């Protein structure tokens with residue numbers, strides 16, 4: 001089990017205080033004038049400069065707006081939540097130097113390391129998660145997979161589609177044009193995070209570029225592949241960096257935005273930076289506002305919350321749900337997630353369709 005860094009904001013941002021700050025009953029039918037203006041601004045396309053002013057608004061105003069955006073853009077009478085799950089199908093020994101990643105050989109984390117799991121192992125895991133999710137994703141460590149590994153993964157994903165009925169996704173690093181075309185032909189979604197803004201990227205990784213990731217995503221959209229892409233909040237980036245990344249995702253036209261909240265793992269560069277107080281870990285209010293603002297900037301996308309939500313938001317995860325269209329359930333790459341049964345219980349209590 002990886003050791004996690006305590007979020008120093010936990011003592012400052014008491015969950016009960018935050019609950020009092022946010023309206024306990026977020027009304028999705030009656031909007032005040034400010035909400036209507038914000039809603040229309042989002043739907044019409046809010047400017048980068050104007051989006052930075054959203055930080056001055058109260059959290060309940062942002063959540064009220066995003067909850068309505070989900071209903072309007074999803075053409076539903078009440079919010080829906082698309083659930084996905086991943087498997088770490090190939091772990092560790094990654095040559096890339098991403099500052100946040102426990103699987104990088106440039107970091108010193110204690111994790112399980114193994115080669116590509118067999119199709120049988122992956123299929124068994126997918127069948128076990130079917131009761132909790134609509135989409136299943138295979139994730140591998142490394143800059144890219146070999147041609148042989150790609151063919152095995154492709155066959156495995158097609159097999160999962162046939163045997164479980166689950167939609168499929170894969171995060172395999174940098175892909176070739178032919179590999180992207182194979183995703184299109186087999187109705188497999190591509191996951192390829194930008195991680196952060198183009199302006200901040202070289203602060204977290206120098207072994208590949210922002211352009212490498214951007215170009216793969218752009219090529220995937222060109223060939224009609226459904227794309228899930230996003231990044232991590234809490235890497236030491238500014239609010240402006242977060243906005244820059246979301247606007248790039250909007251420009252690319254990605255179908256789903258995958259947002260993660262940094263869970264600093266001992267042995268990574270980001271853990272060291274936070275431990276040495278070079279920067280402060282992201283707090284609850286900042287995280288909730290960041291997620292909401294992403295939805296307001298790009299309301300047509302499906303905003304999905306993935307890793308780190310348990311670590312950062314703790315018992316206030318449900319507040320993020322007002323801004324979300326999707327949620328990752330189950331375990332993450334090198335850290336444990338909370339029980340999927342607990343997630344389903346929370347969602348049903350809030351009236352979400354799953």
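Cβ atoms here come from the backbone N, Cα and C positions, even for glycine.
According to DSSP, residue 98 ([4Fe-4S] cluster binding site) sits in a coil region rather than a helix or strand. For residue 98 ([4Fe-4S] cluster binding site), other Cβ atoms within 10 Å of its Cβ number 22. According to TrEMBL, the [4Fe-4S] cluster binding site annotation covers 94, 98, 101.
Listed in sequence order, 84, 85, 86, 87, 168, 169, 170, 171, 189, 191 are the same-chain residues six or more apart from residue 137 ([2Fe-2S] cluster binding site) with CB atoms under 8 A from its CB. What TrEMBL lists as [2Fe-2S] cluster binding site is 137, 169, 228, 304.
Among the features that TrEMBL reports, domain 'Radical SAM core' is placed at 76-300.
The region 'Disordered' annotation in TrEMBL covers 1-20.
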CB-centroid shell, 8 A cutoff, [4Fe-4S] cluster site 94, 98, 101, site residues removed: 96, 97, 100, 102, 103, 104, 106, 107, 141, 205
Inter-residue C-alpha distance, residue 228 ([2Fe-2S] cluster binding site) and residue 101 ([4Fe-4S] cluster binding site) (nearest angstrom): 19
Shell of the [2Fe-2S] cluster site beyond 137, 169, 228, 304, same chain only (C-beta within 8 angstroms of their C-beta centre): 84, 86, 135, 171, 189, 191, 256, 258, 326, 328
Cβ neighbour count (within 10 Å, all chains shown) around residue 304 ([2Fe-2S] cluster binding site): 23
Nonlocal neighbours by CB distance (under 8 Å) for residue 94 ([4Fe-4S] cluster binding site), same chain, sequence gap 6 or more: 101, 103, 104, 105, 141, 142, 143
